[in-house]
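Database features, via Swiss-Prot:
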DISULFID  Cys32-Cys129  disulfide bond
DISULFID  Cys61-Cys155  disulfide bond
DISULFID  Cys68-Cys168  disulfide bond
CARBOHYD  Asn65  N-linked glycosylation site
CARBOHYD  Asn71  N-linked glycosylation site
CARBOHYD  Asn108  N-linked glycosylation site
CARBOHYD  Asn186  N-linked glycosylation site
SIGNAL    1-31  signal peptide
Amino acid sequence: MAVPASPQHPRGYGILLLTLLLKALATTASACNHLRPQDATFSHDSLQLLRDMAPTLPQLCPQHNASCSFNDTILDTSNTRQADKTTHDILQHLFKILSSPSTPAHWNDSQRQSLLNRIHRYTQHLEQCLDSSDTRSRTRWPRNLHLTIKKHFSCLHTFLQDNDYSACAWEHVRLQARAWFLHIHNLTGNTRT
């Protein structure tokens, strides 16, 4: 006669649950840890590519009055997840605007492609990190921050259209992109130290 299996002890379930939780946390940590070394160089290298991509214009540009202001104090956060989401959103908008087929002829296309590839790779790494951290955190991203960023980039697109995608209008956008890379540097530097 077979001996009936003894029922599993409740502590056994607790240990199993704890093991699974620790494994999930370790996966999340490893998915995000690879960003730390990249954070240190991403903005600096991107700024260098942006500078190399768009040499100085042969003519002086008139002062453009683009009403695309952005209150950068809205970006202040010590929450790594929120900083990652914000950085991801900014990079998606930068990628979209800089990959436009109407960029000026004097821009170095290979440098622009290198910058776009860099943005794309970093965005993918952020997506992996955000996807893995979704398993343990469901904090909501401030909607007004998302809308403010979206409104700013929409304004830049309109500005380009209104100025017929002129080289001077693109110079204004390039300067805005420079400011965004500096914001990203501050976001990632403040939350991963």
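Each Cβ is built from the backbone N, Cα and C atoms, and glycine gets one as well.
Distribution of Swiss-Prot features across the structure.
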residue	record	DSSP class
Cys61	disulfide bond	coil
Cys68	disulfide bond	coil
Asn108	N-linked glycosylation site	coil
Cys129	disulfide bond	helix
Cys155	disulfide bond	helix
Cys168	disulfide bond	helix
Asn186	N-linked glycosylation site	helix
Of Asn71, Asn108, Asn186 (the glycosylation sites), the residue whose Cβ has the fewest other Cβ atoms within 10 Å: Asn71
Rounded distance in angstrom between the Cα atoms of Cys129 (disulfide bond) and Cys168 (disulfide bond): 37
By Cα-Cα distance, the member of recorded positions Cys61, Asn71, Asn108 nearest Asn186 (N-linked glycosylation site): Asn71
C-alpha spacing of Cys168 (disulfide bond) relative to Asn108 (N-linked glycosylation site), in angstrom: 16
Among Cys61, Cys68, Cys129, Cys155, Cys168, the most crowded of the disulfide-bonded residues [Cβ within 10 Å]: Cys129
Spatial neighbour of Cys168 (disulfide bond) that is closest, considering only the recorded positions Cys61, Asn71, Cys155 and their CA atoms: Cys61
Pairwise Cα distance for Asn71 (N-linked glycosylation site)/Cys61 (disulfide bond) [Å, integer]: 25
Distance from Cys155 (disulfide bond) back to Cys68 (disulfide bond), taken between C-alpha atoms, in Å: 6
